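TrEMBL has this to say about the protein:
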DOMAIN    B:133-434  domain 'NADH:quinone oxidoreductase/Mrp antiporter transmembrane'
TRANSMEM  B:6-26  transmembrane segment
TRANSMEM  B:76-103  transmembrane segment
TRANSMEM  B:115-132  transmembrane segment
TRANSMEM  B:138-154  transmembrane segment
TRANSMEM  B:166-190  transmembrane segment
TRANSMEM  B:210-229  transmembrane segment
TRANSMEM  B:241-264  transmembrane segment
TRANSMEM  B:276-297  transmembrane segment
TRANSMEM  B:334-355  transmembrane segment
TRANSMEM  B:398-422  transmembrane segment
TRANSMEM  B:442-470  transmembrane segment
TRANSMEM  B:482-501  transmembrane segment
Amino acid sequence: MTDTLARPDLLLLSMILAPWVGAVLAGLLPRYARNGAAALSWVVALVGLVSAILLYPNITDGPVRHEIRWMPSLGIDFVLRLDGLSWLFSVLVLGIGALVVLYARYYMSPKDPVPRFFAYLLAFMGAMQGVVMAGNLVQLAIFWELTSLFSFLLIGYWYNNQLARDGARMALTVTAAGGLCLLIGVLLLGHIAGSYDLDVVLGAGDQIKRSPLYLPMLVFVLLGAFTKSAQFPFHFWLPRAMAAPTPVSAYLHSATMVKAGIFLMMRLWPVLAGTEEWYAIVGTAGILTLLIGAYAAIFQHDLKGLLAYSTISHLGLITLLLGLGTPLGFVAALFHTLNHATFKASLFMAAGIIDHETGTRDLRRLSGLRKAMPITATLAIVAAAAMAGVPLLNGFLSKEMFLAEAVSNPRDYDRNLLLPVLATLASTFAVLYSLRFIHQTFFGPPAQDLPSTPHEPPHWMRFPIELLVLICVVVGIIPGLTIGPFLATGVQSVLGEATPYYSLAVWHGFNLPLLMSLVALAGGTVLYVLFRRPINTNPHGGPRLFRPFDGVRIFDGVMNGLTAASERGASVFGTNRLQPQLRNIILVMLLAAVLAALPFWSGLGANGFTLTPPDPGFVVLWLLGIGCALIAAWQAKYHRLAAVVMLGGAGLASCISFVWLSAPDLATTQLLVEVVTTVLLLLGLRWLPKRQDAIHIPPSEQRRAKARRVSDLLVAIAFGAFTAAIAFRVMTMPAAPDGIGRFFLEHAYEQGGGRNVVNVLLVDFRALDTLGEISVLGLVGLTVFALLLRFRPGADSLSAPEQQRVQRASDERHETRQPGDTLQDTMLVPRVVMQWLFPVIVLFAVHLFLRGHDEPGGGFAAGIAMSIAFILQYMASGTRWVEDRLRIRPLKWVALGLGIATLTGMGSWIFGYPFLTSWFRYAELPVLGRVPLPSAILFDIGVFGLVVGSTVLVLIALAHQSLRKPRDRAPAHPPAPPLEEVV
Amino acid sequence: MTGWSAHLAVMPVALPMLAAAFLLLFNEDRRRLKAIVTIATVAALVVVSALLLQSVSAGSAVPAWVYVPGNWPTPFAITLVVDRLSAMMLVLSSILSLGTLLFSLARWAWAGPRFLAFFLLLVAGVNGALLTGDLFNLFVFFEVMLAASYGLLLHGSGEKRVRMGLAYVAVNLTASMLFLIGVSLVYGATGTLNMADLARRLSDLPPENQTLFAVASAVLGTAFLVKASMWPLGFWLPRTYAAASAPAAAVFAILSKVGVYVVLRLSLLLFGTDAGAFAGFGADWLFVGGILTVLFGTAGAMAARNLPYAAGCCVMISSGTVLAALGFGTDAALGGALFYMAGSILAGGALFLLAEILEREAPEAALAADARVFADEYEDPFGSTTVEENGPVIPAAIALASAGFLICGLLLAGIPPFAGFIGKLTIFLGALPREGSLSGAAWTLIAVLTLSSFGVLMTLLRFGVAYLWTPGDGTKLPVVRIVEFSGIATLLLACILLTLWSEKGLAYADGAVSWLRDPGAYVRAVMEHQPWHGDASPGNAPQGDTP
C-alpha cells in the first residue's frame, strides 16, 4: 500500500463530524427542500467515505487514535480510534449510507418534510460512526444510545401512522433498555480492566476472564448486544420497525444499526470470548435466533417482513459464529457481516421499489413482475440468490465457512451432530424463503389488481442496487482479489497473532460443507414446491407454532404488567389522602426520634433533673389551659365556634404564663395576637359549610371507622407525650453555661441601645429573622386576599344568617321601621363606644411603638394594636360605613412596610456596613425629652406598617364577603366596590 | 472585598424583597412596569449569583465567605455563608426563576392577583434558606418560601388547586411545627443556633445533651425530608405540583431541592467523620429512604395519567437520587449527584412548562363548574378578553416543543448525551469501589437508578408519543408566544451549557463535596469572621455613642 498520511486526525474527525454537521444543516433547510437535503447528505457521506479510504494505509499496521480530552477526572475521554475492524464497519456505514441517501431522494415523496428525514439519517450516521470509532467504552455506550434514539425518530418518521408510532416505541424501549444494560456492562468491564480506554481493556483479557465480575459483566454487555442485534428473545422489535420508510429499513435495520451488537461482540471478542459462559450464552442465542428467524421468514406475506425475519436469522448466524469462540468462526462472522449488508440492503431497496411501483408489499398479491421491471427483477433475483447461498455469490462463501465451522466441532462436545444438522436445516429454510421471495414476486402471470401499474423506477433509484449486486457477484467470484486484503486487515486488527489460516477460494473441493450446501439448496427447493400453497394461504401471516412465543405479545404483556404493577405499587406504598400522610409524618418522626436516641439512651438521666416546687396558682392556670385545649380539640369537628373560643382560652393561659414568668413583652404581643386571630377566625367561620350533626357511617364500616379513631387517638397521645417529655427534659436540664443567650442580655443596652432585650433582638440582633417573618405575614395576608377574591361559599352558607333573617323579618313587619333598624338599635351602645375608642387605641399603638426599644412594646405589638382599632370600626359600623369615611389601602401599607424595612437594611451599605447594621444616638426632642433614636426605629416602622397592612387586608377581604351578592339576585344596595379596588 | 461587591451575599434576599414591596405599591393594571421591574430583578439575581459562584469556584482563594447582617460578632449574629454548595444552588434558583418568569409573563402572571410579588418573595425565601448559616433563620426563610408557595399554588384558582392547596398547607404546617420543635430542642441541647457553632460544640456535649440532640436531629431531619419529599413523607408532591399552574410548578422544582440541600448541608457539617458519636448519623437511613423514593417515584411516573404528575414524580426521583448518593457516602457519587441535581432541577422546571403548552391542545375543561357566582368576582384567568396576547405566536411550535421535550426527557431519564446522563454516570463510577467486587449497596444503587432511567424514559416516551405524534381530531396547533418559548429556551439552554461544560461542572461539584467533607474549614470561616469597621468611621465599632 502507499505510504501513510501525516495528519490522520483531521480525516478521523471528518469521518465523525461530517455527518453531525450535515445533520444540523439539513435540519435548518426549508421544509420541502428535497434535492438540497439529499445533495447535502450525499456530500457528507462521500466526504466521510473518502476520508476513510484515504486513511486505509494508516490502519493496516495498527489502530490510529485521536484523543480529545473530555472528562479526564473520570478517566473518560473522547477517543477516536480506527483499526481494521472499525474501518470495515465505517465503510459499511458511510458507503451504504451514501447509496441509501441517493435511493431515498427518489423514494421519499416531495410532500414529506424530507430535510427532517435526512437530518435524522445523517445524525444516525454520525452516531453509528461514534459507535464503531469509539476508543473509549463509555463513549461507545453514549453513541450506542444515540443510535437507538435516531432509529426511534426514523421509525416514527411517518408518525401519523399508528404502526409507525408503536413500532418506534417498541424499538426504543427494547434497544434503550439494552443500552442501559450495556452501560452497566462497560462500567463493570472498565472497572475490571482498570480503564475505560479500549486499548487498555483489549490488553487485559486474562484479567477480565478471571475476574469474579466476569459473568455479571458479560450478561450486561450481551443484553446490550442482543437487544440491538435482535437476538432471541429480543428479536421481535425488528419486524415492527419495518413501519419505517424503506430506506431506513435498508440502512438501519439490515445493514448497519442491527450490526452494532455484532460489532460490539467482535470488538470485545478477544477479551470476552472463549469461555464456557460465552459459548453457552452467545452460541445458544445465536442458534435459536438463526432457526426461529429463518422459520418465521418463510411464513411472512409482507415483503419487508420476510426480509426482516431473514435479517434476524442472519444476525443469529453471525452471533452463533462468534459464540463458537474459534478464530475461524470470527473470520466467517466478519465476512458474513459484510456480505449480508450488501445483499440485504439491496434486497430492501428492491422491496422498496416494488412497493413504490405496485403500491403493495403483499407477496400474495404480487406476481410476474419480471415482465414489468426486468432489470430490477434480475438484480433482486441475484441478491436473493446470494441470501440463499447460491455458489458464485458472496453469500455462498461465508455460508460455506459457517458450515465448515459447524462441522469442525472444535470443542469436541457430544452435540457434534446437532450443530451441523441445525445449520443445514437453517440453510434449507433460507433457500426456501429466498425462493418464495423470488418466485412469488417476479414469476407467474402478471398480477392484475395492483394499486398502481408497475414499471422500472428512475435509473438513479436503481443505481444503488446495481452497485451492491455487482459487489455481491464480484466478491462471490474473485473474493481474494477484492475483499481479501480488507478482510485480512479487519481480522488481523482483532485477532492479532491468533489470526488463523483461512482461504477465500471459491472452490475447496468436494467436502462436507459443500454437500450440506447442496442438500440445503435441494431441500429448500423441494420444500417450496411441496408447501407453496399452504404457506401462501396461511391466514396468520406467521407460523402457528409460535403463537405462545410471540415476542410482541410477550412485550405488550410485560409493558402492561409493568404499568399495572406501578399503579399497584404507587397505591399500596403511597397514598393521596391527607390523613394518612400526616399520620406518616408523625409516626416517622417518632420512630426516627426513638431510633436516634437509642445509642444515647444512657445519657438521658445523667446530671439529674432540676425541679422547682409547683406553685398552686400556676398549676390551676395550666389546668385551665389544658382543659381549654382539650375541649377545643374535642369540639373541633362538630362545634367550630366553641373550638375557636376554647383555643382563645388556651392562648390566654399561655399569655398569663408569660406574665407569671416575667416576660411582659411576650405577654403583650401574645395577647394582641390572640385577640386578632380569634376575631378573624370568628369572622371566617360564617363562610364555612353548615355544621353536620352526625356523619352517617354504614354498619359495615363502623368497625373500621372506630379502629381508625382509636389509632388516631393513640398517635395524637404518642405525639403529645413525646413533645411533653422532651420539653420537660429540656426545662429540667441545667442551662448550658456558654449559651449564646447571655450575650444578648449583656449587650442589648450597651450596644443595641435598648433595655427591652426582646425588642433589640427583633430589630437589631436578629433583624433578618424579623424581616423574614414580616414577609411571611405579608404573604399570608396576600394569600388570604387572593383566595377570597375568587372565594365561593358552599350553597348552604350563601344565604343570610338566621339572626339577620329574623331581624329583617321583624323590621319588615313594622311599617315604621326600615330593614336593618333593629341591628342599628342593638349595636348603638357598643358602636358609640367602639367609635370613640378609635383615637384611644391609635394613641395606645403609638405609645407601644415609641416605648418599644426600652419597655414592652415595639413595632409588631403596635401594629397589631393599630389593626384592632380598624377591626373595631368594621365591627361596629359595618363595611360600607367605614369605607365611606376611611380608605385604609392595606396593600399599600404592606408594600411600604416591607419596602421601608428592606431599605433601612440597605441603608447601612452607604456607611460601609453590612445589611441591617444598626446605629443609634440619643436626641433631645421638645416635649418628649431625651429619646433614643436608633436606626432600628425605622426598621420598626416598617414592621409596624406591614403588620397593620396584612391584618387589615385579611379583615377587609373577610368583610367584603358579606357585601357580595350572588349574581342572579338583584342587589338591594348599590353594588359594593370590588375588593381589588378597596385594597 | 470592598464596595458594593461586599454586599453581594445578601442581595439574593434583599433585592427580590425590595422589588416585591415596590410591585405591591401599584395596581395590577400596571403590567408593563411590573414585568420590567421583575425581569430586571431576576436578571440581576442571575448576575449576582454568577458572581457569587465565581467568587468561590476553583480559581478563587476563598472557598467560602461569610456575611453578617447586623454586623454582630459570630456566633451570636445571624450569618450568611456563601460556599460552593450554596452558590451553586443560588445560580440554579436564579436561572430557574428567570425561565419561569419569562414564561409566566405571557399569561399566567396576570391570571390572579399579585403573582409577581408572590414569585419574588418565593425567590427571596429560597435564596435566604440557601444562604443562611443559622438554624432559626433557616426556619424563617423556610416559612417565607412556604408562605409564598401557598399563594403561588392557589394562583389561577379552581377547585383542584384549592383542594390540593389545603392538603399542601396542612402537610407543610405539620413539617414546620416539627422544624420549630427541632430548632428549640437544638437550642435547648446545645445553647446555640449558629450552624458552625453547633458543629464546634457537638464533640464535647454532656451526655444528656447528646441524647436530646440526637432526638432533635431526628425531628429536624423528618421535617426536612418532608420538604425533600422522601418516601414515605413525600406523597404530597406529585399531586400538588400537578395541580399548580405551570410556572408555579416549575419554580417549585427547586423547593424540594431546598429540603435536600439542607439535609446535605447539615448532615455533612454536623455528622462528618470528626463528629464523634454523631459521625455518619442517619446515613444508612438516607440511603434506604433515597432508594425507596426513587423506586416510588418511578412507579408513580409509570402509572401517571397526566404529564405534570409524571414531572412531579421526576422531581421526587431526583431528590431520592441525591439522598441515596449522600447516604451511600463516597465523594465521587455525591459529586455526581450534585451535578445530576443541577440538570434535573432545570429540566424538571422546563418539563412543567412544556407540559402546559402540550396540554393546551386538550379541550378546555368544562367551564360550567367555573362560572362566576358573585358579581364582583375576580375574572376567570383566561375566560375573558382582558388577558392580552403578549407577543407574536411561534409558528413552528410543535417542532420546538418536540425538541424541548426530547432534551428534557433524555436529561431526566439520564439517557445520553445530556447532563442527566453524565451525572448518573458519575454516580455509577462513584459507586464502583477502587478495587474488587461491588457491595450490595453499590449494586442496589446502580440497579435502582438504571431501573428508574428506564421507567422515566418509558413514561416520557408514552406522553411524548401521545402529545406530539398522535394526530388530534383537528389541525389545531397550540398557540405559543415567543416570550413563553424564551422562558423554556432559557432553561434548556442552561441544560445544554451544563452538558457542554460538564468537566468544569463536575470539577466544581467535586470541589463542593471536598469542601463539605471538611466541616472544620466551614467552622473556622464562620467563627473567625470579624465584624466590619465601616468606611465612614474606620477603626470604630459601628455602634455610636453610649448613653
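Using N, Cα and C of the backbone, Cβ positions are placed for all residues, glycine too.
All annotation found in TrEMBL is predicted automatically rather than curated by experts.
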Given pairs 6 or more apart, does the transmembrane segment (B:241-264) have at least three Cβ pairs under 8 Å with the transmembrane segment (B:138-154)? yes
Taking the transmembrane segment (B:115-132) as the first stretch and the transmembrane segment (B:6-26) as the second, find out whether 3 or more Cβ pairs fall under 8 Å, excluding pairs closer than 6 in sequence. yes
Find the member of B:6-26, B:138-154, B:276-297 that has more C-beta pairs under 8 Å to the transmembrane segment (B:442-470) than any other listed stretch. B:276-297
What stretch in B:76-103, B:276-297, B:398-422 has the biggest tally of Cβ pairs under 8 Å against the transmembrane segment (B:482-501)? B:76-103
By Cβ distance under 8 Å, which residues at least 6 away from the ends of the transmembrane segment (B:398-422) in the same chain are close to it? 314, 317-318, 336, 339-340, 342-344, 347-348, 350-351, 354, 357-358, 449, 453-454, 456-457, 460-461, 464, 467-468, 477-478, 480, 485, 488-489, 492, 495-496, 498-499, 502, 505-506
Cβ under 8 Å to the transmembrane segment (B:6-26), counting only same-chain residues 6 or more beyond its ends: which ones? 33-34, 37-38, 40-42, 44-45, 48-49, 51-52, 55, 65, 67, 69, 80, 82, 90, 93-94, 114, 116-117, 120-121, 123-124, 127-128, 130-131, 141
Surrounding residues of the transmembrane segment (B:76-103) on its own chain - C-beta under 8 Å, 6+ positions past either end: 8-10, 12-13, 38-39, 42-43, 45-46, 48-50, 52-53, 55-57, 63-70, 109, 119, 123, 126-127, 130-134, 137, 194, 196, 246-247, 250-251, 253-254, 257-258, 261, 264-265, 338, 342, 345-346, 349-350, 353, 483-484, 486-491, 494, 508-509, 511-512, 515-516, 522, 525-526, 529
